[in-house]
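First the structure, in the form of structure tokens, and then the observations on it.
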């Protein structure tokens, strides 16, 4: 705020003039000095009033002449030369006063225009301040509250969605755990089935070895039977040869007993023994073969059942493996979705936090702007108050000057009469002019400092 200074100085009166009779007189002179300086928050005014004391002094706003001498006697004649000189001086002073009044009026009009302009600016600032207080803050507050509610709603939805996903994840984890336990049981059963199958295979191998051994024994028995048959046939041939030789010998020598029946009996006995041995061997072979076949059938049935169980277990394992893979894929998908949702929620929360920070910064900026407008408004109020004080001071000075200017015509005749009285009654008077300086400092419309100083400016000797 620029500092405005104004000063107003008025000087009235002139040097005392000697009349033709050689008497001396002192006219009263007055001097007013007003200065003001305005600063934001502090205003000071200084008013200097000095007057030269004489036998006739001014008192109060209406200027009246009062004499300290005894009442003057009316002279027989009036000195019109002195009155003419005083009238000329008064006219010159009136001309100067008129020019100064015109200048003062122009400055006063400029001050009034400036005050009006400042009042308009003040009204504009007050309107802007009211608008910012009424609409701007509430609108921003409503937007802020609405966005906060939306953020809270989305955050609640995200929390609920996260809880639901966690419940699904826990359920899937439980299902996966159950499937893993079931898979473990199936693997244990599979290992047991493989162990049983291995034992069955060992039994089958043993049965196969026993069957091969029995087959080898049957072959050896068959070979032995063939050998016995050959041996029996050979013995029969030998016996027949012996019998033929014995028949010949009997025929040649003597008649011997009949051996055909004996040979027949022996042959019959050997054939019976061979048939019995062959039947026993065949029965033993058949019984062993039947036992081995039954054992092989039993082992084959167990093997077939084991293979079927193994195939079933393999299919179940494949099914469970597929389900586990699907569960793993679903779990990974859910975990990926959950991570994406957490990242999205974190990003949205960061964006909302940035929005909240930006709104808070805007609110803080608007508060600072409101504070700045309030300070400017206070400064304008201080300037307006200082201008009002200065205008009031000018008004008082103008009223005082107008009331003082209305009396010079009447005072001239009085002064002329007093001069003639002084000629007839010389007086020795000592006059002293006193200078009063009063300084007042104000801030925010309150007086903070006030001081007064008295100075002896001039001493006058009146005879």
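Placement of Cβ uses the backbone N, Cα and C atoms for every residue, glycine included.
What Swiss-Prot says about this one:
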| type | residues | note |
| --- | --- | --- |
| REGION | 1-47 | region 'Disordered' |
| COMPBIAS | 17-37 | compositional bias 'Low complexity' |
| REGION | 90-125 | region 'Coil 1A' |
| DOMAIN | 97-405 | domain 'IF rod' |
| REGION | 148-239 | region 'Coil 1B' |
| REGION | 240-262 | region 'Linker 12' |
| REGION | 263-401 | region 'Coil 2' |
| SITE | 345 | site 'Stutter' |
| REGION | 402-463 | region 'Tail' |
Calculate the per-residue pLDDT averaged over the region 'Coil 1A' (90-125) and state the result as an integer.
83
Can you check which residues sit near residue 345 (site 'Stutter'), meaning Cβ under 8 Å from its Cβ, same chain, 6 or more apart in sequence, and list them in order?
155, 158, 162
Could you give the number of helix, strand and coil residues in the region 'Coil 1A' (90-125) as assigned by DSSP?
36 helix, 0 strand, 0 coil
Give the three-state DSSP assignment (helix, strand or coil) for residue 345 (site 'Stutter').
helix
Counting each residue once, how many in the region 'Coil 2' (263-401) are helix, strand and coil under DSSP?
139 helix, 0 strand, 0 coil
